[in-house]
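A.B. asks: First the structure, which I've put down as structure tokens, then a few questions once you've had a look.
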Amino acid sequence: MTARIIDGKILSEKLRATVAESVVAFVGATGAAPGLAVVLVGDDPASAVYVASKGRQTVAAGMRSYEHRLPADTAESDLLALIARLNADDAVDGILVQLPLPRHLDTGRVVAAIDPRKDVDGLHVENAGRLASGQPGLVPCTPYGAMIMLDSVLDRLAGLDAVVVGRSTLVGRPMAQLLLRADCTVTIAHSRTRDLAAVCRRADILVAAVGRPKMIAGDWIKPGATVIDVGINRVPAPEKGEGKTRLVGDVDFDTAVAVAGAITPVPGGVGLMTVATLLANTLIAAHRRRGLAAPPVFAELDRRLFG
Ligand SMILES: Nc1nc(=O)c2c([nH]1)NC[C@@H]1CN(c3ccc(C(=O)N[C@@H](CCC(=O)O)C(=O)O)cc3)C=[N+]21
């Protein structure tokens with residue numbers, strides 16, 4: 001048996017097309033296009049690539065993109081001042097501060113400074129609290145995209161055993177909250193979990209979000225399970241030439257694909273969905289900020305995914 005591949009390229013293109021259609025309606029109703037501001041501090045080359053791709057896709061969906069690149073030694077007060085300006089700017093509906101920040105900056109303080117209604121990363125404690133207590137808010141992009149991927153292959157999530165490996169605030173914790181909202185029985189595993197392999201083997205849904213290349217192999221996977229690989233790890237690829245690299249997930253795809261029922265690839269999986277859901281969150285934020293109901297297609301998606 002070989003697993004069904006959950007194609008992030010197809011699913012993200014579909015979601016971006018839906019966003020673009022809704023943007024047309026939004027512009028018709030309000031006269032303004034939703035705007036997304038992305039803030040990048042420092043010059044990590046991988047981050048710069050993601051930021052550029054976000055900017056391109058934002059514009060392709062009919063929205064406005066505002067990029068702010070700050071030097072690596074930016075003072076925290078200057079970053080907070082920029083966030084205050086973006087909070088006050090009516091043309092900006094979404095604010096994303098690319099993580100991780102340089103070490104001298106306090107991520108908690110920076111995220112706390114973002115207006116929760118513009119927090120399209122869903123990282124502000126207000127949005128995390130809303131998610132944990134089942135109230136409407138902005139949901140972190142990667143878990144949101146992972147839920148859309150699960151929904152594309154599973155008729156029902158209710159009652160399934162879900163194991164999330166990783167407890168980060170950006171992915172692991174919100175992922176667990178979303179699975180719980182979908183009535184899964186949820187386990188959050190992490191670096192201190194005893195017999196991680198046995199815990200993973202119980203999972204009908206296995207979400208890997210640890211940041212360790214190929215950590216989860218086929219013998220950790222229950223036959224027929226749905227596997228969502230959130231890992232984006234750049235590793236040396238001498239076979240491609242000296243100094244070359246390639247992306248691998250947290251799952252050892254080649255052994256996992258022979259056991260799982262469905263699996264997301266890396267690249268071409270969750271990463272692509274993360275950018276598409278960022279656009280969706282920006283559109284949703286633009287509606288809410290103006291007191292407008294979310295477009296029906298997103299309200300329907302919310303009901304399907306989160307009950
Ligand atoms: N505040 C914040 N929010 C984020 O959501 C956030 C962040 N900071 N910091 C960095 C990580 C990483 N991230 C990715 C987005 C898209 C791809 C993506 O499009 N990947 C493609 C192609 C990747 C490639 O080829 O380089 C793929 O997996 O197929 C990957 C990773 C968002 N992140």
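Glycine residues also receive a Cβ, built from the backbone N, Cα and C atoms like all the rest.
What TrEMBL shows for this protein is this:
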type    : residues                       : note
BINDING : GLY166, ARG167, SER168, ILE232 : NADP(+) binding site
DOMAIN  : 6-121                          : domain 'Tetrahydrofolate dehydrogenase/cyclohydrolase catalytic'
DOMAIN  : 140-289                        : domain 'Tetrahydrofolate dehydrogenase/cyclohydrolase NAD(P)-binding'
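Tell me about the setting of these features in this model.
C.D. replies: Cβ environment of ARG167 (NADP(+) binding site): ARG173, ILE188, HIS190 lie under 8 Å away, each six or more residues apart in the same chain.
Remark: secondary structure over the domain 'Tetrahydrofolate dehydrogenase/cyclohydrolase catalytic' (6-121) totals 61 helix, 19 strand, 36 coil, with classes taken from DSSP.
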A.B. asks: For ligand 1, which among the binding-site residues GLY166, ARG167, SER168 have a CB under 6 Å from it?
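C.D. replies: Among GLY166, ARG167, SER168, near ligand 1: none.
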A.B. asks: Using Cβ atoms only, which residues of the same chain lie under 8 Å from ILE232 (NADP(+) binding site) while being at least 6 residues apart in sequence?
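C.D. replies: Sequence-distant Cβ neighbours: LEU247, GLY249, VAL266, PRO267, GLY271.
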A.B. asks: So how far apart do the NADP(+) binders GLY166, ARG167, SER168, ILE232 get, largest Cα to Cα in Å?
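C.D. replies: Taking every pair among GLY166, ARG167, SER168, ILE232, the longest Cα gap is 16 Å.
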